[in-house]
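K.L.:
I am attaching a structure below and will ask some questions about it afterwards.
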Amino acid sequence: MWPPTALSSPPRVPPRRPEPASRRRPPRRLEELEARPRLTFSLWDYGVFGLMLLISTGIGLFHGLVKGGQKTSEDFFTGGRRMSALPVGLSLSASFMSAIQVLGVPAEAYRYGAKFLWMCLGQLLNTLLTAQFFLPVFYRLGLTSTYEYLERRFSRSVRLCGTLQYVVATMLYTGIVIYAPALILNQVTGLDIWASLLSTGVICTFYTTIGGMKAVIWTDVFQVFVMLSGFIAIIIRGVLLVGGPARVLGIATNGSRVNFGDFNPDPRSRYTVWTFVLGGTLVWLSMYGVNQAQVQRYVACRTEREARMALLVNQVGLFCIVSSAVACGLVMFALYKDCDPLLAGYISAPDQYMPYLVLDIFKTSPGVPGLFLACAYSGTLSTASTSINAMAAVTVEDLVKPRLPTLSPRRLTLISKGLSLIYGTSCITVAALASLLGGGVLQGSFTVMGVISGPLLGAFVLGMFLPMCSTAGVLGGLATGFALSFWVAVGGTLYPPSVATMGVLPASGALCPLYNRTAGTNRTVLLGPLPPREEPPAPARPAIVGDFYAISYLYYGALGTLTTVVVGVLLSSLPGPTKRTRLPPGMLWWDIAKQTSSVSPMGTKTPRKEPLGKVEAPQALLARLDGEGGPPPGSPRLGWGGGVKLGGGAWVLGGWGTRSCRAHGGGPCPDKPHPPP
């Protein structure tokens, strides 16, 4: 078969004497000399992909209909807070490993080397920080919406600001996540874009609307194994074709792809140890520490200990996924070390490396490329379903419940499902609109989340750890952090840094059957190195482009976080810092760390630390309240047996255990206020 793949030994071509000019054929356009046919998926591949979609739909129907459905919005958004660590941890792993990462991480490892594995260190630091500082706050306060904390700590305006920023950013990000893999696979294989958008978008919206959080978590578990199966199949096949793991490692080492010792402090270098440890940690912390989609899973666990275990399971899952993706990138380099598909013109963008590799090495194995197709779209489904459920949750908790507090649990559940349907349809619409952009959607997805998540992380840091911060300070910090990170991100998009600045490693097209472009003539050659292209002179750039706009995209979130914190502290200090005694009790991290742990849904208490102040255990508190006619006027209602009284008389929602209630005949207290005594 001609042309040979990158693994074939090049045939020996005897030297030719130059032909007379009179016998030479006139040159033709390069497009007319296309030598490599487009690779496509077979019916078996589409069958495997369809099976994955069918199983995901079945999981949603099972949890939405067979297991009794969701009777309350609490069931719909948090699974009744009865989930165990293993499924929640795997769901956390899948939530942000979308098809963009499935397709993009191997390509980044191919172009920049195995140093991408340092990302796992940033993820580990994020896990430790989240478990120690952010998880206890959200779990012990019993929040469904993370932005409810901002209202308790600052004001309702800060809460609404955070909610609206999150909803807009998540809707844009999810739409791009749905569209990007469809675009990439269409460019490589001809897979119809609209069929991809509608099949994944409609099915994802369907099972999220029907099954709620339980369906999202259990489909994520299934999709994690699909993603890992796709990566493992590619690694095994590629290693066998190259000649074994030792040969893959040797080729990668000779090609400078094993480069863990890059400690270059230049922030303009795309990937170094410092960009992963500093920038990467804050990026992941903004996603796992305070992001609604992830916090919603923490509070779905039975106990705080289960939530911490879920974080550890998540860390193991992330390490497996990232290391498998990096291994795919190294195998891909070993296969194409002398014939880079991008240089040869077989693909038009780095994100197309992975689908091209799969169709190339599995072209004689029907059905296996379909496993990769399922792998890529599993990442899309997990991210989209997570985002849809999270957007519905913050809308109900932050916008619907405060304005309509008398709605029954059944009506809230119906509203929640309707919002999931609306947000799913909106994400499909955004994906359709993204098709009008033509290109740049992958970079756009990272830009959207980085610009929004970084400043929001700064707002939570100001609230939890800096008691002097005021409402005006956090609003000013949010605005400044967003403006600065947005400015740098847009500048970096309009003026992308050079290849040398980013640190792209060299690739070769020496043994590709390609077409050599000379200065005045296009002539066909069978073998030979790709000559350097004559690039047009670059237009004049502002002086700021080479330094400020060229920083690595991993620093966008860190820039927004630090700016928000610094500006927030300065603005809060101008009229005089807020005194700690004026803050609501239980809003700072060290106060909440002293608080009793929450009670599990089944009424089993978790081990707790004895606080410094007076803390009344929830069951004793509820028994006393029954005798006193309920909580004091103006305090939050204690539904489903939850409540902790801190020193100073502050009532904080605490748990969700069932209890006997004298006001309701001695049975479990329903989720509604007590009748007045």
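Glycine is treated like the rest: Cβ placed from N, Cα and C.
Found this in TrEMBL, in case it helps:
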REGION    1-29  region 'Disordered'
COMPBIAS  1-10  compositional bias 'Low complexity'
COMPBIAS  16-29  compositional bias 'Basic and acidic residues'
TRANSMEM  46-66  transmembrane segment
TRANSMEM  86-104  transmembrane segment
TRANSMEM  116-139  transmembrane segment
TRANSMEM  160-181  transmembrane segment
TRANSMEM  193-210  transmembrane segment
TRANSMEM  271-290  transmembrane segment
TRANSMEM  311-336  transmembrane segment
TRANSMEM  371-400  transmembrane segment
TRANSMEM  421-442  transmembrane segment
TRANSMEM  448-466  transmembrane segment
TRANSMEM  473-495  transmembrane segment
TRANSMEM  553-574  transmembrane segment
K.L.:
Check the transmembrane segment (116-139) against each of 46-66, 271-290, 371-400, 553-574 and return whichever range has the most CB pairs under 8 Å.
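P.N.:
Answer is 271-290, with the largest number of Cβ pairs below 8 Å.
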K.L.:
Can you tell me which recorded stretch out of 46-66, 86-104, 193-210, 271-290, 448-466 has the most Cβ pairs within less than 8 Å of the transmembrane segment (553-574)?
P.N.:
448-466
K.L.:
Looking at 46-66, 86-104, 193-210, 311-336, which one has the highest count of Cβ pairs under 8 angstroms to the transmembrane segment (371-400)?
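P.N.:
Comparing 46-66, 86-104, 193-210, 311-336 against the transmembrane segment (371-400), the winner is 86-104.
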K.L.:
Would you kindly list the residues that approach the transmembrane segment (271-290) from elsewhere in its chain, counting only those six or more residues past its ends and only Cβ-Cβ distances under 8 Å?
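P.N.:
Non-local partners: 92, 96, 108, 112-113, 115-116, 118-119, 121-123, 125-127, 129-130, 133-134, 146, 260, 262-265, 311, 314, 449-450, 453-454, 456-457, 460, 503, 552, 554-558, 561.
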K.L.:
Would the transmembrane segment (311-336) count as touching the transmembrane segment (46-66), i.e. at least 3 C-beta pairs under 8 angstroms with sequence separation of 6+?
P.N.:
no
